[in-house]
């Protein structure tokens, strides 16, 4: 041993080598806040230190014995009591005497080892030893003698740790620990170097090592006992009784004398290598972070018990040795876990009875506790511990700060290098910048010199001035002229009119003509804005007109017409011009010229082909101006040259729509959106004026145009009408795309005359407004609900996935009922997990089954459910990323007026809430299904049902007989539609099927939850009836609803047409719904067949061409066009000159604003309904007095639900089920609405305004 002391840091886990230091221990301890010894080495004399250390040693042994609960005889150094008590006791006394003698000669007793715990504190129940136990230990006597001799040779009173020279085995172990240390231990090494002890202290520690070798010999004896324990366990498993001697040894081995078998260790990370268990005390429970239960016993295996006690011994030894605790790195690895306790166990736990103490006793107890705590803290010098901890933490913080500063410098260097690389990369290909001259582009839509409003003044015509005048015919283009003379002429009625002799300008030869002031227009634009009905000529841009592939474009020129729309912001300050020949176009003010004279009734000056339409337009512009609402890509029937053709919307410009006709002609044309040439507008006019023809319902297409009305149209009811007396919702409502803001709702259902013979008076009665619901203006102050996002606390997380074949064993056993939860929440409460993955801007959903298998589509989920025989169904899953499965709309329970309006008839309760007043809905008997009344013969015989025999949950639509019924109906009108997109797609209906859906029925051999059974199940969605602010009662969803999900059916009384008319007069018709499936399907077929073009290709080629020369024929007919064709082929027609001038006739084919063909809307003679009887008419579903929750759905022009006809219990086409499906993802708390498909004007004397507030609102329902 060297003469100079060596400094060894106290950090146990660092294991760093010893370095020679020249500093004194006092200076180092003072620099790090440790207590400074007085004098040379210590604060106390050697004798006082020895006596105090003996006390610490005895106290430590007694605490260890008390903690383990051992009743065995203990040797002073943790060894086991031998079988011969006397002999070993004498040896122990000798060792104790020798050790005490050695301690008395030295002021230090305790030494802290760097790899285990305090040497003086050995666990009496320790069954495993260190590496030294594997070697042959020396004899106890020899060890004691060597330790005593070594203790006598100690001359220095300071404490020192062993060096690598004196303990080569320990140094080798320390080096191994250094290799396994993480990089973060450098901080502890820095702190270790700052706190050390003199090297001479290791002598006492050497002496104590001798005692540890004695204990190692005794641990070998414990191993023999362990082997006997193993034999004992084998015998217990075989059912034999253990031997008495072995039982006594086992009981003597245990700390508390009680050993248990077949128990469960409370340590969740237990390796389960031991089969012996002991009762867990509070110290071990706290170590493993387990709550104590008073109602049941808790056990620890012997290995976990020893581990906990060893760590507590290390804590106590470090504290009693007055060493900084923060220099000791205690590893305690515990994984986070959650203990699932049943509610029954919690109820069984009884609260311990509290004993009553008097105030004096309580005060005495508190004083005694305070004194005891203070004594313990003073004994371990707790104040010094706090000071040391502060110093160590500050040193670590300073070290981390220095490390962070170095990291910032390195990061800056790396960033600088990266910037240089970036610059070098992009400098290799320099970009040449070139400054171009400024380019000023004047916006084409910019408003130029919009004149102010004012009175229209027509100055008198002046001689010698330039004007515009008619050329040859009234509808031809007008050209520039000069007035040369005033003349007078006599009109047909005998009145004298002023005429003007004019000369045409820019002509190859002089041409003079006499015209009236009605055929002359001013040369300059008018100085004021023009109003509706003003007679003008306007410049027509011929480039916007296309009349076929082989036809030329009409030349641009001034043509006569009237002002249809004034300048306003909505049309970008342009005039809408209705030209005399039927064309329409928007024209700016600078291209409009005022006609010098016009009749008081301006339509008298208009060409006869457009006179009637313009007269009605001018008279009703401010009252009734219906126009078709459509979007790009939609199709509608449009009249072209006497034929109704399907045309597609190409573009929309305010009140004009650009239509492209299908067929060989394939021409485009701008048409006014209120023109009767458009099918929807023509039908509306027919409904209002033609009372003799029966009217069919509209074709329910998802993107079909509809008519929008204004609120100023009450006066239009003066027209004589004969219409039905009651309003009815159509069960075949058209579908909207609720997600598209520009999408339009379907057109209203067409009206029908009353089959029951009820007719209305020709004179319209007084208008009665039906908007009588109370409107609450202080809606913001009312208590509102809010959406709450729950989490599945009781859910068992999925297992780690291992490759296996899925079976029913993959599922968790669910003990709680799931009936009261929403369909999408059931998997998350049954051991499933729903993960939303994000990849850049794209999201995707992955379900993890209870066995850990990942499922990424509904097809995979369906296969998994079949393999595991799960009670869940495929409609309990959805892969929409934005959908919240556990979101729920919560309200104040105090405003709930009825907890369940179905009175238990539905599986899911339907509450009723009202936070406006205390009113309740009108009384209604709840009915889950339809109820036939007198005269309704509902045939429910199962023998008339077609059935299937599928065994694959009807997943193969090509083999299922029920699916084939649905597929056949769809492919009748759309043969190329893929079979995967027809009908339900894993119990989701994404679009309306006009021809109906046929579900599997009671005769089918498939399972009750097959993929073709949706509507026949009862309500599963959580819905809520509530009072709206302006529309009466409504229905909203409590949870999120995915797109295509089934909501409910519409149930009520089934009525005949006659009963509906009679009941409508008495009780009202607001809950009527037509079962009009047959009419819808038949008209869909008619619309499909009407797309076929049966006209002559030769006639179509020249219809409306610019070479038409007969101005007297304003309605070109088929015979005339054929005649023109023949004469053209024979060469009898005159070729036009190649050089055009203003003199050339620029006449266009006349286009009539009114159609030249009637749109057949009469009842088909071969209708399927006629097969059921001569007077057979659609049946009516009435939910006025009896019905289900479907009666509470309000109307919306942009609904989130659509209606689907489904055949379940009968295949009779007259009696489909009316089912509601979601048209889009509906968030919780949203009101559910559908399109009533009322038609405006079909009920005389009734006006109902729409208050849905949708962007495409029709404004009126009736």
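The backbone N, Cα and C atoms fix where each Cβ goes, and this holds for glycine too.
These features come from Swiss-Prot:
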BINDING   1197, 1250, 1252, 1257  Zn(2+) 4 binding site
COMPBIAS  26-41  compositional bias 'Basic and acidic residues'
COMPBIAS  50-61  compositional bias 'Basic and acidic residues'
COMPBIAS  81-99  compositional bias 'Basic and acidic residues'
COMPBIAS  157-166  compositional bias 'Low complexity'
COMPBIAS  167-179  compositional bias 'Basic and acidic residues'
COMPBIAS  1086-1097  compositional bias 'Basic and acidic residues'
COMPBIAS  1098-1113  compositional bias 'Acidic residues'
COMPBIAS  1129-1141  compositional bias 'Low complexity'
DOMAIN    818-884  domain 'MBD'
DOMAIN    1246-1262  domain 'Post-SET'
Whose Cβ, among the binding-site residues 1197, 1250, 1257, has more other Cβ atoms within 10 Å than any of the rest?
1197
Can you check what DSSP calls residue 1250 (Zn(2+) 4 binding site), collapsed to helix, strand or coil?
coil
Helix, strand, coil residue numbers for the domain 'MBD' (818-884) per DSSP?
17 helix, 16 strand, 34 coil
Can you check what DSSP calls residue 1197 (Zn(2+) 4 binding site), collapsed to helix, strand or coil?
coil
Cβ neighbours within the same chain of residue 1252 (Zn(2+) 4 binding site) - under 8 Å, at least six residues apart:
1194, 1195, 1196, 1197, 1198, 1233
Three-state secondary structure of residue 1257 (Zn(2+) 4 binding site) from DSSP?
coil
Taking all residues of the domain 'MBD' (818-884) together, what is their mean pLDDT?
91
